[in-house]
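Undergrad: Annotations for this protein, taken from Swiss-Prot, read as follows:
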{"type": "ACT_SITE", "residues": "D76", "note": "active site, proton acceptor"}
{"type": "BINDING", "residues": "S15, H16, N17, A18, G19, K20, S77, H157, G158, Y159, D160, K180, H185, R186", "note": "substrate binding site"}
{"type": "BINDING", "residues": "E47, D76", "note": "Mg(2+) binding site"}
Amino acid sequence: MMRKLSPGSKIVLASHNAGKLREFSTLLAESGITVISAAELDLPEPEETEETFTGNAAIKALAAARASGLPALADDSGFCVSALDNRPGVYSARWGGPTKDMQVAMERVHREMGDNPDQRAFFVAALCLAWPDGETRTVQGECHGTVVWPPRGDHGHGYDPMFVPEGESRTFAEMSEAEKNAVSHRGRALTAFLNTCLDTSTQKTERK
């Protein structure tokens with residue numbers, strides 16, 4: 001039988017990114033999952049050596065689960081631009097240089113796109129849930145849209161200010177957290193994660 005998390009479980013988010021911690025905590029709170037960050041536990045960040053989002057998510061989740069003794073959830077996400085052959089992709093954070101400055105990263109995307117009329121882009125989020133014994137479960141979500149320049153908005157993080165999702169006129173960074181979560185790659189991956197990895201039988205029993 002596939003192992004699942006019970007409501008009330010505590011998991012480690014295998015990330016030192018405060019923005020991601022806030023986003024995941026909000027998304028998982030309704031399901032009764034308590035999230036603590038790898039930074040709180042002072043866990044090291046493993047090197048991401050895979051060429052896929054799911055591969056890198058698994059590296060991070062397994063490292064955090066084994067180090068903490070708790071189930072761990074890792075996300076590996078990236079920005080894929082059609083005109084750049086879907087780069088920066090898994091190297092999205094590295095495009096910000098040694099300090100991962102996302103303003104630098106966005107300027108590089110804009111510079112490399114040049115006058116290319118193809119403005120299509122999409123975000124990918126892969127989530128991996130790992131247990132200390134090495135068992136893993138992986139899901140993925142995508143959100144398609146277009147690149148805009150100059151960047152707009154003060155919310156969100158990463159490449160959010162230069163991306164407008166399909167059906168919207170605002171960038172991710174111009175949306176509220178709830179609005180973004182409803183359509184984002186991470187929100188879609190979380191929905192798949194909850195459907196796949198959360199044991200809802202307890203909740204159903206409690207409602208009766």
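Cβ coordinates are placed from backbone N, Cα and C, and glycine is handled just like the others.
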Undergrad: Distance check, please: Cα of E47 (Mg(2+) binding site) against Cα of G158 (substrate binding site), rounded to an integer number of angstrom.
TA: 20
Undergrad: Measuring Cα to Cα, how many Å separate G19 (substrate binding site) from D76 (active site, proton acceptor)?
TA: 14
Undergrad: Please state how far apart, in Å and to a whole number, the two most distant Cα atoms are among S15, H16, N17, A18, G19, K20, S77, H157, G158, Y159, D160, K180, H185, R186, the recorded substrate-binding residues.
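TA: Max Cα-Cα spread across the substrate binders: 21 Å.
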Undergrad: Among the recorded positions listed here (E47, D76, D160), identify the one with the smallest other-Cβ count within 10 Å.
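TA: Counting other Cβ atoms within 10 Å of each of the recorded positions E47, D76, D160 gives the minimum at E47.
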Undergrad: When you tally the Cβ atoms that lie within 10 Å of each candidate's Cβ, which of the binding-site residues (G19, G158) has the highest tally?
TA: G158
Undergrad: Taking DSSP as the reference, which of helix, strand or coil describes D76 (active site, proton acceptor)?
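TA: Strand, per DSSP.
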Undergrad: Between G158 (substrate binding site) and the residue listed as 'active site, proton acceptor', what is the CA-CA distance rounded to a whole number of Å?
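TA: Each residue's Cα considered, G158 (substrate binding site) and the residue listed as 'active site, proton acceptor' end up 13 Å apart.
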Undergrad: Between D76 (active site, proton acceptor) and H185 (substrate binding site), what C-alpha distance do you get in Å?
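TA: If we compare the Cα positions of D76 (active site, proton acceptor) and H185 (substrate binding site), the gap is 11 Å.
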Undergrad: Among the binding-site residues S15, N17, S77, which residue has the fewest other Cβ atoms within 10 Å of its own Cβ?
TA: N17
Undergrad: Does anything in the same chain, at least 6 positions from H185 (substrate binding site), have a Cβ under 8 Å from its Cβ, and if so what?
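TA: Expected: S77, F122, F123, V124, A125, G141, E142, C143.
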